[in-house]
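Peer 1: First the structure, which I've put down as structure tokens, then a few questions once you've had a look.
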Amino acid sequence: MIKKIFALPVIEQISPVLSRRKLDELDLIVVDHPQVKASFALQGAHLLSWKPAGEEEVLWLSNNTPFKNGVAIRGGVPVCWPWFGPAAQQGLPAHGFARNLPWTLKSHHEDADGVALTFELTQSEETKKFWPHDFTLLAHFRVGKTCEIDLESHGEFETTSALHTYFNVGDIAKVSVSGLGDRFIDKVNDAKENVLTDGIQTFPDRTDRVYLNPQDCSVINDEALNRIIAVGHQHHLNVVGWNPGPALSISMGDMPDDGYKTFVCVETAYASETQKVTKEKPAHLAQSIRVAKR
């Protein structure tokens, strides 16, 4: 899917390294820079791919995901906002509406090290169908040898949220994650609280855990691709570790049956409590990613 994105015809050359393209129904922004290749969907301000020069793709994007208006994209970095997980009210979209609506590219800046982009979403008649509040939501990205994401929300309300990042791995059976802390809510086991005793999370089957006292950096150890991905978290309360395992993967129409084998989600989140936003104090949720050899 990522190769397909970079082979799409250019609709508009925004700058020497930025272009607008289209895949099915969705407008894309493609970054082709000497230090980095990356792509975004305007729907959801959704980072689809990020590949620093000389590295394998860092993010995972499903080959089966549709690129259709209002349909969530499977992979990359979905922005879950203004709620994380199932909605409190029946009939509302899981993980909020921000990932399903078109955003505006507000600014971009390029230099020798990479590209910075800011996307914006504000209240509209469409958002008021889901949520009564006025808001401005900004998604700041800096892509180069590292990837930095900052979700900034303005208004008067409370939210839960996550940067639901899908990381590309060689083989989930040879992946471990450290730096998650010990206490977690096990969503596969009736949301019971449990403890990770050895500090190392592996993924032998379906895994869905909300860690309650994570460290500021989670480390993905990928034996098959012989690399380490360091995931920094800022302004967060939780880190979520997720992989659907074989049975759920088969049931998901937007994922290959064996899709679970080649990704792991390590998510920067504010999920177990609400985050308060005031006019005097905007809220942030931020993630930074870097890659190194094992």
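Using the three backbone atoms N, Cα and C, a Cβ is placed for every residue, glycine included.
Reproduced below are the annotations present in Swiss-Prot:
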- H164: active site (ACT_SITE)
- E267: active site (ACT_SITE)
- R74, R99, D208: substrate binding site (BINDING)
Peer 1: Spatially speaking, which of the recorded positions R74, R99, D208, E267 is closest to H164 (active site)? Use C-alpha to C-alpha, please.
Peer 2: E267
Peer 1: Check the recorded positions D208, E267 for other C-beta atoms within 10 angstroms of each C-beta and report the one with the most.
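Peer 2: Per the Cβ count, the most surrounded site is E267.
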Peer 1: Here are the binding-site residues: R74, R99. Which has the lowest count of other Cβ atoms within 10 Å?
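Peer 2: The binding-site residues R74, R99 were compared, and R74 has the fewest Cβ atoms within 10 Å.
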Peer 1: Could you measure between E267 (active site) and D208 (substrate binding site) for me? Cα positions, answer in whole angstrom.
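Peer 2: The separation of the Cα atoms works out to 11 Å.
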Peer 1: Run through the Cβ atoms and count how many others sit within 10 Å of the one on H164 (active site).
Peer 2: 22
Peer 1: So, in DSSP terms, is R99 (substrate binding site) helix, strand, or coil?
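Peer 2: Its secondary structure by DSSP: helix.
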Peer 1: Could you state, as a whole number of Å, the largest distance between Cα atoms of any two of R74, R99, D208, the listed substrate binders?
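Peer 2: Output for substrate binders R74, R99, D208: max Cα distance 20 Å.
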